[in-house]
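Written out below as structure tokens is the structure these notes cover.
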Amino acid sequence: MTDVVIIGAKGRMGDTLVRCVQQSDDLKLAAVMERSGCEEGLDSLGCVCGTDAQEVLTKVPGAVVVDFTSPAATLKLLEIASVTGNPVVIGTTGMTNEELAQVEEFAKKVPVFLAPNMSVGVNVLLKVLPELVRMLGDAYDMEMTEIHHNKKVDSPSGTALKLAQCMAEARGLVYDEVKKHSRDGIIGARTKDELGVMAVRGGDVVGDHTAYFLGPGERIEVTHRAHSRETFAQGALRAARWLSEQKPGKLYDMADVLDV
């Protein structure tokens with residue numbers, strides 16, 4: 001039995017995670033956390049609940065923390081978890097390179113897993129897309145689009161950035177040098193190596209990502225569509241089960257969990 005702590009338990013993702021843990025045969029809801037002023041009703045879950053991470057984590061030693069919040073909140077949580085020893089599964093997106101470097105430092109002290117998207121399908125794409133890049137060669141232009149609900153605060157999505165990065169690297173390019181997150185006005189023709197990553201926001205779309213390979217006389221589109229947040233929740237809980245048996249030393253990702 002793996003004990004789990006859900007951060008942001010009353011949010012869209014947190015609520016889904018709580019429900020999935022409650023329905024699981026091998027997971028136990030050890031604790032839940034929310035921001036001050038948002039904790040009303042949490043005590044009905046029958047576990048440790050609170051707004052102070054230090055206080056909550058001290059009461060549930062060894063429990064795996066699952067966090068889908070914000071970069072600042074995640075880093076604060078990691079600082080506390082590195083003292084209490086709780087492993088942490090991170091689904092937070094929108095981190096800067098500097099923030100990611102801090103996460104890697106914390107991973108030396110406590111088991112940490114980080115993935116912008118925890119669905120099995122997206123992580124299969126991370127393996128498939130580089131193969132397509134290599135087979136098609138540089139005669140095909142590469143682009144990426146993503147669609148998310150109108151409440152998403154970061155753009156482009158962490159998943160789109162990760163997919164585009166793996167495509168760029170497969171062609172021997174440095175992503176930060178070729179990325180194009182917007183096009184506006186008379187900007188001239190598309191350069192040979194640039195890789196556009198464009199975002200659409202609206203409605204209640206859980207998450208669509210499409211990679212484009214546009215060549216002479218044809219194009220290939222590879223799309224992943226998430227129909228439910230439960231896809232991400234189950235992936236995060238799969239990671240939590242796995243992380244509970246790991247040691248600190250490296251920043252783990254979904255490739256480690258899936259052994260691919």
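Yeah, the Cβs are placed from backbone N, Cα and C, and that goes for glycine too.
Predicted, not measured: the structure shown is a model, and the values here were computed from it.
The NAD(+) site recorded in Swiss-Prot includes G8, A9, K10, G11, R12, M13, G91, T92, T93, A115, P116, N117, M118, and the single candidate from E34, E79, E131, E143 that the record places there is E34. Taking a C-beta cut-off of under 8 angstroms and a sequence separation of 6 or more, T92 (NAD(+) binding site) has the following same-chain neighbours: D67, F68, T69, S70, P71, A73, T74. A Cβ within 8 Å of the Cβ centre of H149, G158, T159, the residues given for (S)-2,3,4,5-tetrahydrodipicolinate, is found for these other residues of the same chain: T93, P116, N117, E146, H148, K152, D154, S157, A160, G207. The recorded positions considered are R35, A115, H148; of these, R35 has the fewest other C-beta atoms within 10 angstroms of its C-beta.
Neighbour density for G158 ((S)-2,3,4,5-tetrahydrodipicolinate binding site): within 10 A of its CB lie 18 other CB atoms from the protein chains shown. In this structure, T159 ((S)-2,3,4,5-tetrahydrodipicolinate binding site) is part of a helix by DSSP.
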